[in-house]
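Trainee: Structure provided below as structure tokens; questions to follow.
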């Protein structure tokens, strides 16, 4: 009794206030959700894109130009001032660490300490000059806190030093300057003939003080060996005089290089003379060079004292340092020049913390340069109406004290964060001090204080490409051939098992591959070099011979193996061949290479061998890249419409002909994009290279040597780099380069794949 | 039917075979790698037999050696002769054995290469024991006497088992258990209870400092803090007294042992983790020993600069980081995917966005690390410190690499994976389903929430699992944003706020890198690295297989819908 009883549908009122409210709430919820998802989605995507923006934001300051502005204390802009009651012309100006106190030495024998921003005099000293003498020359300090000297008209020199004491009475910083005479306040005799010292240089080290000075072509050099009395801490000096050969021209400027074994003298008509003092009893004039077509106006040493800067009246500043020639002989080499044609170089002030310097030209222009980067970071006319006289760099490189020919001083703030970085120094060859020739060098830190960091990204980029190349060399054939077989010849059931297994390799953490390469593969390869070589030849040959033999077998046996299972048959064969190579490795090594192939490579062929080398990296990283290439290639080949294959086969082509003539051309964009993505992965891989190479930044394509890649370099150096420093930003630049490279690669691959998809869509 | 070489090669068959060879090689590489890691990793826990032998050493004298043979290799005799090793064979190649001799405190190293032919009278006496110690690595030798204070309570004779030795051995095991119990108590007090007091004292210091910074350091408030600090100090003193007593108890027993060279030395029992006689074990004992070693590996803290003991903190850190990362990445990834697929207008812009997101999956992970360090740690973390943790400055709280930043960085790294997987899931849902829901009067949000998202949830799961698998194995970015080789404490403990997001943590992948490459004693640590690697591989393989099977299941499900 299931007769349906017709029931009148109840009248439903959809317009009750409750339902209307319910609908409003639903609509509101819907709008709210749309808004939230919109905001959420966009912000997530923006956050992801932020990476690129942030990297650029961190890198940009590297390439910003520097600036010089009047110094600012609080709201007060510093302006030009004249030191009250100071007579005489300035010989030297500088400031202390904070750029708060300035110092001026005048040719009337006065040393004045003053507030560098306002010109208020803090202390003034008159130098204790002997009667009837006056100052004739000045020797600059070699580095911050070092001694300097004034040369006198009687052939003697007075050595002095400025020190600053910082105290904090009432939590306010108070800097008290101190002037001292470390070797007593009686001048030391340099020139014994009593003639004035028209030029003077000094160098002060822990155990000796050297002074070189003279007049005209007569140079006198004297070294004072220091002996410290252990009880009184007093220093006694024992002089040694060098009889320097006469220079051919009148000398105008002289400098002593560190180590006190070389003296460089600037002569009239732009010549340079180099004196070799290595044989103390017989100094020689080892070289005479022409530094300028005009006249040398100023010579000074760059930070560290290795480089001589020579400024002339033609507007050129040239950098020179000692280089070891082919015959192991040292000679002074012109390295590079900074030219501003038509103006006279008035003064060069070297920076005290970096290899930079400031140059004042006679038209009032002041330019900041960096020697190694060959950059000119700023030019500004600081002297409007008058000629510049002197410049003094503050020790931190953040301020410049200037004085003009009317003896007006002014303090300038310098904002020059990353002068050592330029496109050229990052990617080009740079001739660093102490090297025989220009080179690409990455060496970011060292124990020494006056060490110059060397930031060439070229060896790192080279290492990256080298590692990627060797990896691709292994991965490309294996992955593509494997993918062809899997997609086209392999039986379906087997394919469904093999593909996930190979794709599992992609998920394998690279740290495991890296550790495997470093701890297992590297020693294995080192001990079994003949194995690698033999396996490369024997395995393909063995496979072919086996296949040919297989083809000769009667069909009854052959057909027992289902079609598409050949690969499984080859697994035991390859294992067997591998074992054969392995057991032959030792005898072959004994027979051909005297039992040690590694030693044979190094000694007989002259090929350097590192245990953790590019071969190991290639093997391990190839392993990491294979699944990436395999998977995409396989998809591309498998995606080729079956109708194409069947058509070709029906026309009588063999499977292989069909593959080569029909399938591969159709799938080729997909294969190409697989290679691009694989290369992108190899380039950015970090852990494998970090663990499987020695991480030495060398440029050598030798497969048996290591490398350092951009990614590994970041991993090694980032944690210890100072935030905001040039090093930090350059590491960001390296990350940006990696980012850009992989992004371009992947985008290209994606576009190709999309085109491919469109093409198949029409088939 | 015979075919000629020419015919055969023209048919293209050789090429097919070469391609088949490539697949075979790839398979061998994968399985070989997994096999090597598995064998080496699992073998480590098996109690290896300890060998005793007389060895004709480099100086031409006979010496007694005790140790575990680790591996054997053939080397050209010439190379050894060049190195100054006297050989009494004229073979061109000799075999040499790497022997783990332990006793680093006596011999200076753990391992020694010996010429296999120069080993005479190789024997495996059953009293030979391995002592796992808290410092100086393993000890190999024979026990001689067990002392309680100065009183001998058990002694051993000879090098083989006899009733007296058996009895003494039982006694020794009981004493070791006692000292382990005391040690456990000591660790509990030092780590947990004293840790809590230290946390309290540090909190009081910060409280005081922040009062001073805000200018509210009234004497009353300061006095209150002082009272609390005094209490903490007193509690600390009590614990310290208790510890002193425990240490006295722990130091009671000593074992006199004899090394290979006949030298006797005293080893305090509280320095011993485990004593066993591999040569006297039968199979059942070996299996149970294996299980206990495996359990120790998974559950104990590392010892001796990570070269011995367990990896529990690394497992914990990895899991913790991955969970946090999942919390960040799942909602963000799903919202972004839903937006791009369901809400955004499909056009050129969305296509570009899609390509961009896709490509981010291919950006090297180290780049994410650099970004995380610069943006999260220094920029965000530095700002957070300035705003909320002024009292602790200048030592940074969040302005330094830590758990939070590591998980955020990895969330960013795996975001594309989740977005792509979710989008794929969304795109597989047939239009008809959505339209049906809309036709019934549901709003877009209701359709999404009740119909689309539940149907897409397996795809999201797949994405999240793949993200987790990737994050668990990623090391390079973590090196910049938060892992350390040895974290003093777990990021979760009993002290407020219980989960310490600012702490640094240990990670399985980094553990492999660190122990395998930065450790002072790489050779001794190598088996442990293999075991750690094996664990990581298993976890990641399982996660991946789970993702693949969910994906396949999903495909089947919707294939039915599409018909």
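For all residues, glycine too, the Cβ spot is worked out from N, Cα and C.
Since this is a predicted model, take the numbers as computed values, not measurements.
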Trainee: With TrEMBL as the source, which of B:404-426, B:473-495, B:496-518 is set down as transmembrane segment?
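Mentor: Within the set B:404-426, B:473-495, B:496-518, TrEMBL attaches transmembrane segment to B:404-426.
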Trainee: Which is it, of B:166-193, B:194-221, B:222-249, that TrEMBL names as coiled coil?
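Mentor: Spelled out, TrEMBL records coiled coil over residues B:222-249, not the other listed ranges.
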Trainee: Report, as numbers and ranges, which residues of the same chain sit near the transmembrane segment (B:447-469): CB under 8 Å and 6 or more residues beyond its ends.
Mentor: 322, 325-326, 329-330, 333-334, 338, 342, 414, 417-422, 424-426, 428-429, 433-434, 437-438, 540, 543-544, 546-547, 550-551, 553-554, 557
Trainee: For the coiled coil (B:222-249), what are the same-chain contacts with Cβ under 8 Å, counting residues 6+ beyond its ends?
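Mentor: Sequence-distant neighbours of the coiled coil (B:222-249): 182, 185-186, 189-190, 193-194, 197, 200-201, 204, 207-208, 211.
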Trainee: Residues of the same chain, at least six outside the transmembrane segment (B:360-384), with any C-beta under 8 angstroms of its C-beta?
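Mentor: Cβ under 8 Å, 6 or more out: 396-402, 405-406, 408-410, 412-413, 415-417, 420, 474, 476-481.
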Trainee: When the pLDDT values for the coiled coil (B:222-249) are averaged, what is the result?
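Mentor: Across the coiled coil (B:222-249), the average pLDDT comes out at 88.
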